[in-house]
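Report on the following structure.
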Amino acid sequence: MELLIEEDHNDPEANTNQLLYHNCPMNESQNHEGSWNLDSGTNSISESRCNSDTGKKSLTCDFCGKSFKNKYNMNQHHRIHTGEKPYSCETCGKGFYVSSSLKSHKTTHTGEKPYSCKTCGKSFTQRGSLTIHMRTHTGEKPYHCKTCRKIFTCSSHLSVHIRTHTGEKPYCCKTCGKMFTYRSQLFGHIRTHTGEKPYHCKTCGKMFTYNSHLWRHMKTHTGEKPYSCKTCGKKFRRTCHLTVHMRYHTGEKPYSCQTCSKQFSASSSLKEHARLHTGEKPYSCQTCGKLFSRSSSFKDHVRLHTGEKPYSCQTCGKRFPRSSSLKQHHVRSHTGEKPYPCKMCGKMFTRSSYLSVHIRMHTGEKPHHCKTCGEMFTYSSQLLRHMKTHTAEKS
């Protein structure tokens, strides 16, 4: 089974795209190091001024309802919705929303980095970038969320975080109308329409939609798993995988379904569960047209057509299309391990699904019913045998 993980906004690509600060759009721009930084030019508003100005906000964005103190700031913000980029680079033609972003971009052609950190020597194209970088040494986090009190090193990080509370999704796909919280999410989504996969693995040639997906894939070649569970020692390639795994030990399930109240340890698990209620099946097989609600089920299905079996048993060499099949094979054929015990009678099982069916003997649950006569059954096999009694009557 594919590990379901939470959204990770610390991915390399996410860092370079998603940090926008709407209330003071000219005070920050994105440089080629992938950070949103203060602009030192004369056309920008300083971070301290934007942070300290508590004047009344009388202007409202027609697109998202966000409020602004002056028309200049609102006009800058509008470009996020309209996509207008009036400032273009004379060297490469790339467009920008604000002049400060263009100014920052130009240094990527010249390579100029006049601002250096006296502590570690790292150089930056902007003085504001250096100011924010210095906080990594001092530990200063001057911006805090008024809702949950979480603190941040720069105002743009706070601005993005606030959307988790407000639910604001300012980025809209012009093709299908889907809304997104982060600009990087929109860029990635657009590739689902175009089919573009600009990132490729130099080792095996596999193509990816996102740079962050390529980074994760590269670890499959190196075998690197730098994050280990202190409870059981299991190792992971990513911190978010470890975070979700730890909840299996603690029993924490912070995500609950608003329809049926079922709780989950990962937000991605909740998202896939919600499709059981909505009936949404966004994954379609291009070979046979079959639809799936889960990406892992879709990937497993595709291998039925391709014959791909990427998971091999290190003991006997047998190959499998799914990691769960390999795990079951190893337990049954080589270890004899039965890791799933019944808490009521102590009987042990090799698979969790076997345990789930067994528990019905204790609870009396009969989830399978005959549509012809309404009789209920504990096992699907019992229902199938029963159905033959109706077909025999007709004959």
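Keep in mind that glycine also has a Cβ here, set from the backbone N, Cα and C atoms.
Per TrEMBL, the features are:
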- 59-86: domain 'C2H2-type' (DOMAIN)
- 87-114: domain 'C2H2-type' (DOMAIN)
- 115-142: domain 'C2H2-type' (DOMAIN)
- 143-170: domain 'C2H2-type' (DOMAIN)
- 171-198: domain 'C2H2-type' (DOMAIN)
- 199-226: domain 'C2H2-type' (DOMAIN)
- 227-254: domain 'C2H2-type' (DOMAIN)
- 255-282: domain 'C2H2-type' (DOMAIN)
- 283-310: domain 'C2H2-type' (DOMAIN)
- 311-339: domain 'C2H2-type' (DOMAIN)
- 340-367: domain 'C2H2-type' (DOMAIN)
- 368-395: domain 'C2H2-type' (DOMAIN)
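Within the chain, the domain 'C2H2-type' (340-367) has long-range Cβ neighbours (under 8 A, six or more residues past its boundaries) at 328, 331-332, 376-379. Under DSSP, residues within the domain 'C2H2-type' (311-339) fall into helix, strand and coil as 13 helix, 4 strand, 12 coil. Take the domain 'C2H2-type' (171-198) and the stretches 59-86, 87-114, 255-282, 368-395: counting Cβ pairs under 8 Å, 59-86 has the most. Residue counts for the domain 'C2H2-type' (199-226) by DSSP state, with H, G and I taken as helix and E and B as strand, are 12 helix, 4 strand, 12 coil.
Mapped onto DSSP classes, the domain 'C2H2-type' (227-254) shows 12 helix, 4 strand, 12 coil. Helix, strand and coil content of the domain 'C2H2-type' (340-367), in residues and according to DSSP, is 12 helix, 4 strand, 12 coil.
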